[in-house]
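Over in TrEMBL, the protein carries these features:
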- 1-49: region 'Disordered' (REGION)
- 31-43: compositional bias 'Basic and acidic residues' (COMPBIAS)
- 70-112: domain 'MYND-type' (DOMAIN)
- 290-387: domain 'Fe2OG dioxygenase' (DOMAIN)
- 394-407: compositional bias 'Basic and acidic residues' (COMPBIAS)
- 394-433: region 'Disordered' (REGION)
- 414-424: compositional bias 'Basic and acidic residues' (COMPBIAS)
Amino acid sequence: MLVMGKPEVYGKRDFSSCNYSPPEITSAAESKPEGKEEPDAKPSKSGAPCAPEYATNQVHRLLQNRPNRCRYCCAESNSNMAPFIVCTGCRFYLYCCYEHQVLDFPCHRVFCLATMKALMKCDQLCSADTPAPVPSTVTELIHSYRTYPMKDHTKIHAFNKSVRSYCHDLKETNARAINVRIEEIIEHILNSLLEYGWALVDNFLGETGSNAVFCEIETLYQSNAFSASQIGGYTRGGLVDSSQRSDQVFSFDKSTECTKNCHTLHALVRVLDVMAQSFGPDFPYKITSRSNPVLSVYHRNQARYVKHVDNPVGDGRCLTCIYYCNSNWDIVRHGGNLTLYPESSETPIPVAPINDRLIFFWSDRRNPHEVKPAFRDRFAMTIWYMDSAQKADVHRRRQEDQQEKRKSQVVKLTGKEDKEEQDAARILSSDLI
């Protein structure tokens with residue numbers, strides 16, 4: 001949060017009134033040296049003498065001695081080597097960027113208006129024999145002293161572009177804002193993962209998007225697409241054990257017929273895939289693939305999942321991502337918390353499955369976790385992202401296991417044939433005898 005400084009005191013006096021003019025500029029505009037006739041002074045058309053040259057030279061001399069630094073941050077040089085911005089009103093103070101000029105305006109406006117008023121008097125001395133009247137209001141003063149050229153207002157989008165093209169520009173602006181937000185979310189997730197081993201993001205899709213995800217999951221659930229979950233069934237055939245895990249799951253595959261109309265879920269998965277592959281060089285894994293998204297429903301009859309580790313044996317999963325879409329979730333009445341037991345924390349970390357919440361955590365033994373009993377139907381979507389090196393190692397181990405199985409089968413067959421040959425030789429020898 002930026003904190004504005006106090007208004008600058010010029011010549012040890014505070015510009016608390018717009019009628020006050022800085023002494024150096026005012027004296028240059030209203031007077032000349034006593035007892036000394038300015039040689040360049042020329043009479044006006046009415047014959048009255050004036051001293052425009054002296055006043056103008058004094059003002060320009062004062063402006064040349066202005067501080068060569070940003071009035072807001074006091075930087076003496078611009079970081080991007082761009083020239084300083086000069087205040088178009090007083091022509092006295094410099095700024096390193098437009099943002100600093102805007103932030104400093106509440107403190108600078110009094111001095112700027114007073115300086116503009118003094119410069120107006122110089123312009124009046126240099127004008128015709130009849131001086132122009134001094135504006136009586138601040139608005140008139142500002143409008144009368146604008147020296148920059150007028151702009152062509154027909155170039156504004158609202159005037160010379162169609163409604164469709166203007167809406168297109170708004171869509172592009174909105175898309176840019178979404179991209180910036182995604183970049184900030186990625187940076188937040190990466191920093192939290194590296195420091196704590198898990199990361200949390202709330203209000204990820206917005207209320208409209210999260211409600212659409214909930215409706216699509218609920219529709220799949222009511223169509224009897226879910227089945228009982230299994231334990232240890234990721235790399236091998238799992239077992240159904242309701243005493244340890246009692247939720248129902250559905251493997252969300254875009255090739256199946258029942259998932260073709262789940263447009264919001266497909267969009268959510270694509271966004272998560274982009275985020276998982278955009279963590280940069282600081283991320284300790286190289287993500288090249290993922291599992292099918294798994295939709296889960298924990299029934300209101302105290303369905304739970306005991307404390308476990310997603311990847312205890314190095315099966316390739318490195319990052320777990322869970323999205324919750326449970327609106328109006330009450331932690332006390334509904335339960336169903338995801339409780340993390342990070343190795344770097346002395347106390348468990350309860351994570352409520354509230355609406356539009358996204359959580360990432362390492363899938364290995366660094367993050368044991370459990371799902372507490374739920375007293376209301378609890379919906380979630382889980383994705384596991386794979387590390388390419390670990391996945392290649394799993395593939396190598398599987399090939400080695402298959403080769404060992406083939407060798408053992410060959411050995412068994414060879415042993416059986418040898419026994420049959422021995423029996424045949426014994427029978428043949430007995431016949432010969």
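Cβ atoms are placed via backbone N, Cα and C, with glycine included.
Because the structure is a prediction, the values reported are computed rather than measured.
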Reduced to three DSSP states, the compositional bias 'Basic and acidic residues' (394-407) has 14 helix, 0 strand, 0 coil
Summed over the domain 'Fe2OG dioxygenase' (290-387), the DSSP helix, strand and coil counts are 4 helix, 49 strand, 45 coil
Model confidence for the domain 'MYND-type' (70-112), as mean pLDDT, reads 79
Residue counts for the domain 'MYND-type' (70-112) under DSSP, helix then strand then coil, are 15 helix, 5 strand, 23 coil
